[in-house]
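The next block holds one structure in the form of structure tokens; read it before the comments.
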């Protein structure tokens, strides 16, 4: 009898069957799943893009993205990359399948791929089904670290608004605030930082870092990490490079604002783990610095200068600090307070320190004493040597090179608020050997301009351009006090650097120890006589210009063996120098311009080192005998001198083998004029040339012939001449010519030589009654054939009282730099060489000024577009520009003695 039994196989078989079905479905349904994955991913990306657009609108309203939205967006970004990888492998994987997907050439590989596609499809579907009722909320202020802030600086409100609006522009990723020390850069940066506590504007984090003078990358990394809540042993044990990479990857997922206060050199954002701000990531970096060079190196397109306060704003800040009790304690104190405030020159740091000191001074005498101290030696004023000057000295210390530092200190030799010509400064520096002039004057001057540029960009000098085109610099009064303080060894050796300029001195001041004096400036005083002997064994510079000097004793210069620079210019009653000047064996610079000097001093030939001699505007000079003995002379300036040139003078000057720069005024009718103009040696040196005829005598020759060697000529003036032609050499070039002035040249008919002056910036032509063409077409044939386009750098064109002038040029010119055309008294000038594209465009675009409305209405324009451009705003500027034109005529008349 057998035993029978049964095993329940059905459940097991079902499970195995389901498992096999699922495995097979990964490959069997692969193509269908891939299509679904691609479609669903496209829908997810569209949903993501819609959400991002909504978020942009919300962020612009000052709202902040919710955390769950950020998480969802990060997941979409991650899964998009993985889906792309799967879809990129699609063709290869489908080719492996056979038997309608029930089998594969590589079953394991196809199974894994099919499973990945299936699972990724489920993830994408889940993300795509997500619905968000709310995507943003009011921005949290917890990520903004408010900085302690002194009361807002009076007058900086507009600057704050401008800075904020500029920073919020989409195209601005990095903004630099620059300016001199103590001007309020950090205060302004703090105000911008604290403004984010009210308006986050969609930023996730606002980070503030103070950068030390010596950049420490690791310290900055740690500080930024702390601000974004990265800390712990894992961070601390990372190397500097690892910290940078980690922080970079962390910050690139955020929208941040980074404030870097007080940087002195370029900060490499990559090194400190900061992604560079772009339009795409919408991050911002804002920094303060004293150097414009730093702004440039950081990639700032439009640096914002933080300037000193205007007078009214400065006084408002000053009186607010002093307080009404003190100001009201005596009626005179309020008036004196304006004088004291003005001494601070709008510098907030100085205004704060000085006002705090004066807030308890309630007698008129105390205020008068304060003014005296600030005028005589401000470093002694309370708070100056410990709160103001040391802070400014950081800028001085950061200058690269002792020569640059010395050049800054030299600027302090001039009076307060002095406008200093750049060329004068550079000449002093060369002759003091601060700048090496051994390789030529041009190279030394270029170095001088580079130094001035570096001082301007370091916010230590201020740059201006005068109406006559002169380039000048100014020294802020507080910076000047700092320079004097440094030059006197921080106040320990006041007699080493004596500056008593423009203080009303009537005699040489008393000095305890003349042997320590290195530089002395007594310019612009009332010292009629220099008597006795000064034992100044270390003196290298002595500036005595414009001191009403009449006489110098014979022994005055006997003990100045190191004197290199002596400026006696502007002393109109000084008619001779003592023979003792021969004792100045180290003298390299002697300026006798605008003096009453009649002849060169007898001892001049002993000055073997003299390289600069200035005799400009010497109306009494009758002899230059002996000048050929100055074998090392490189620069001789005679412009405006009434000295009558002759053949002997030409020969003497030609004997100066080292001469590089010459400026002069010559009479059109003197015997030596033609010889001078034909001297290739002298013409190769000429930098300024003025030809005039004030005697009304007729010249033997009717033309002036210019040689081909005038490549140094920068300014050319012709006055009251009977010349009918300015003739050029065949291959003539005036490559350095910047300014040309012609007046009362009544026989001149054209100025075609100007075609060969590619760098000409200013052209004034006045009262030349027979002038018909500026550039004559027939005579310009060779230049036109060579492809020369005239006036590529012309900035100003002034044409006055030219009755016969018909043409400037016969066809439209680009004039890419032209800003002004002033026309008056030119009735026959019926067409201007302009088209609608000519001249500068934009804010400083070309304008045409005139006095006669009848003339401008008769002008024949190139086309309607040209007419529209230059006449569109005529009514808005004609009356004011008529006045401006009159001013120019007045200036020109003074210049040309009309």
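Using N, Cα and C of the backbone, Cβ positions are placed for all residues, glycine too.
Straight from Swiss-Prot, the features:
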- 24-88: coiled coil (COILED)
- 137-440: domain 'NB-ARC' (DOMAIN)
- 179, 180, 181, 182, 183, 184, 185, 186: ATP binding site (BINDING)
- 538-559: repeat 'LRR 2' (REPEAT)
- 586-608: repeat 'LRR 4' (REPEAT)
- 632-654: repeat 'LRR 6' (REPEAT)
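Structure with Swiss-Prot features highlighted.
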| residue | record | Cβ contacts under 8 Å, 6 or more apart |
| --- | --- | --- |
| 179 | ATP binding site | 185, 290, 305, 306, 307, 459 |
| 180 | ATP binding site | 290, 308, 347, 392, 395, 459, 460, 476, 479 |
| 181 | ATP binding site | 290, 349, 391, 392, 394, 395, 459 |
| 182 | ATP binding site | 347, 348, 349, 350, 388, 391, 392, 478 |
| 183 | ATP binding site | 306, 307, 308, 347, 348, 349, 459 |
| 186 | ATP binding site | 261, 262, 288 |
**OP:** Determine the mean pLDDT over the coiled coil (24-88), rounding to the nearest whole number.
**Re:** 80
**OP:** Helix, strand, coil: count each for the residues of the repeat 'LRR 6' (632-654), based on DSSP.
**Re:** 8 helix, 4 strand, 11 coil
**OP:** By DSSP assignment, list the helix, strand and coil residue numbers for the repeat 'LRR 2' (538-559), in that order.
**Re:** 0 helix, 5 strand, 17 coil
**OP:** With DSSP as the yardstick, break the repeat 'LRR 4' (586-608) down into helix, strand and coil residue counts.
**Re:** 5 helix, 4 strand, 14 coil
Original post:
Is the repeat 'LRR 6' (632-654) packed against any residues at least 6 beyond its ends, judged by a Cβ distance under 8 Å, and which are they?
Top reply: 427, 437, 441, 593, 608-622, 624, 660-667, 670-673, 675-676, 679, 681-682, 688, 690
Original post:
Cβ within 8 Å of the ATP site's Cβ centroid: which residues qualify beyond 179, 180, 181, 182, 183, 184, 185, 186?
Top reply: 288, 290, 306, 347, 348, 349, 459
Subject >> Among 184, 185, the most crowded of the binding-site residues [Cβ within 10 Å] >> reply: 184
Original post:
Does DSSP put residue 185 (ATP binding site) in a helix, in a strand, or in coil?
Top reply: helix
